[in-house]
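Q: Provided herewith is a single structure, encoded as C-alpha cells, for subsequent inquiry.
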Amino acid sequence: MIEELVKYDQELFLYLNGLGTPFWDSFWLAYTYKLNWIPFYAILGYLIYRKHNSKMFVLTLVVIALMITFTDQVTNLFKYGVERFRPCHEDGIAENMRLVRAHCGGRFGYFSGHASNSMALAIFVGLLLKRSFKYLKYILFVWAFVMAYSRIYVGAHYPLDVVSGMVFGAFTGFLFYKLDSYLQSRFRPN
C-alpha cells in the first residue's frame, strides 16, 4: 500500500515537474524565493496593524513568529524522522526530472516547509482579517497553493510533501489563530 502510494507520488511529481519550460523557470524561482515576499508580508503586517492598537499588534506579531517557528521546527522533525529523500536525491527520479534551482536543498523533503509555513500564514491572516477584508482569505489560499506548487516545479518536493505540508500548515494556522484570539481577549485594554 505505502509502496504504491510512493510510486504514484513519484509519477505525479515527474508529470507536474515535466510540465515546466525554461520560459517559466525565472518566474517560479522568484515565486519560491522567500525574501521576495517581504513586501507582501509588510502589507499583511500593515493590514493587521490597522485592525489592532499597537500593543495588540505586537502581541499578534509575536504569535505569528511563534507559529512560523513552531511550523518550521515540526517540519524539520518530520524531515529527519521520516527521512524521505527529495526527488533530486532519489535514484531513478533525479535523472528524469527538471531541477530548476542551482542546488537541490537538504537530503530529506517530507514535508515541505514552504507549503506548511505559507498555508499556516494564509489561514491565520485570512481568519484574523475575515471581517475587514472579505476576499483576502481566498487570495491568501491561492498564494499558499501556488507556493506549494512552486516547490514541485523547481524540483524540491514531491506532491505528497507539499499536500502534507499544506494540511499541517492549515491546522497550525487555525490553532495559532485560536491562541491569538484568546490572548487578544485576555489582554485587550478595556
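Glycine residues also receive a Cβ, built from the backbone N, Cα and C atoms like all the rest.
Okay, so TrEMBL annotates it like this:
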type	residues	note
DOMAIN	60-177	domain 'Phosphatidic acid phosphatase type 2/haloperoxidase'
TRANSMEM	28-49	transmembrane segment
TRANSMEM	56-75	transmembrane segment
TRANSMEM	108-129	transmembrane segment
TRANSMEM	136-156	transmembrane segment
TRANSMEM	162-179	transmembrane segment
Q: I'd like the per-state residue tally for the domain 'Phosphatidic acid phosphatase type 2/haloperoxidase' (60-177) from DSSP, helix first, then strand, then coil.
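A: Split into helix, strand and coil, the domain 'Phosphatidic acid phosphatase type 2/haloperoxidase' (60-177) gives 82 helix, 2 strand, 34 coil.
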Q: Of the listed stretches (28-49, 56-75, 136-156), which one yields the highest count of Cβ-Cβ distances below 8 Å with the transmembrane segment (162-179)?
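A: By Cβ pairs under 8 Å, 56-75 leads among 28-49, 56-75, 136-156.
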